[in-house]
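Structure record follows, encoded as structure tokens.
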Amino acid sequence: MKFLAVVSLLAATALALPNAGVVHPTFASADKYTLQQAQNKCGEHTTLSCCNHVSKVGDTTAFNYGLLNGLLGNAISGPEGVGILSGCQKISVTALIGVDDLLNKQCQQNVACCQDNKSVATGGLINIATPACVALDSII
């Protein structure tokens, strides 16, 4: 009976939430760069990609008190956050004739730079191997 009550409460909460509607990119770099500029910013050994899902990591809040105040600073995570992306599809730069076209003609979502090499995860309790994709705007 308790299980049914909890499930009903969760279902009612989910139905009461507002509709997300149109999803806008977290990192809106598609309007800033042409295809060639974006590929140059990604660099060698990476692939320009269009990604569905963003996990923004690295946002920190600094507290200016305590014994170890500022000892690590932003060494563990950056102050602005880095976008780690998944659900990515490769954008073919070489096959496109209009290299000077803006990225938004090819990608309406989040533009990222993904590793070319395959990720390998072995020897752990839980192994997950996914290619690392970082948002184009996260790259300096």
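Quick reminder: no glycine exception, Cβ is built from N, Cα and C everywhere.
Taken from Swiss-Prot, the feature disulfide bond applies to CYS42-CYS113 (among others), supported by similarity to another entry. All protein chains included, CYS113 (disulfide bond) registers 23 other Cβ atoms within 10 Å of its own Cβ.
Listed in sequence order, the residues of the same chain lying 6 or more apart from CYS50 (disulfide bond) and placing their CB within less than 8 Å of its CB are CYS88, GLN89, ILE91, GLN106, CYS107, GLN108, GLN109, ASN110, VAL111, ALA112. Annotated disulfide bond per Swiss-Prot: CYS50-CYS107 (among others), in sequence order, evidence recorded as similarity to another entry.
Using a 10 Å Cβ-Cβ cutoff, CYS51 (disulfide bond) registers 25 neighbours. Per Swiss-Prot, the feature disulfide bond maps to CYS51-CYS88 (among others); the stated evidence is similarity to another entry.
Annotation comment: Swiss-Prot describes CYS114-CYS133 (among others) as disulfide bond, evidence class similarity to another entry. In the three-state DSSP reading, CYS114 (disulfide bond) counts as strand. All protein chains shown were included, and the count of other CB atoms within 10 Å of the CB of CYS114 (disulfide bond) stands at 20.
The N-linked glycosylation site annotation in Swiss-Prot covers ASN117.
Residues annotated as signal peptide in Swiss-Prot, with sequence analysis given as evidence: 1-16.
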Quick check for the class: what is the C-alpha distance, in angstrom and rounded, between CYS113 (disulfide bond) and CYS133 (disulfide bond)?
5
Rounded Cα-Cα span from CYS51 (disulfide bond) to CYS133 (disulfide bond), Å:
9
Cβ-Cβ distance under 8 Å to CYS42 (disulfide bond), same chain, at least six residues away:
LEU48, CYS113, LEU136, ILE139
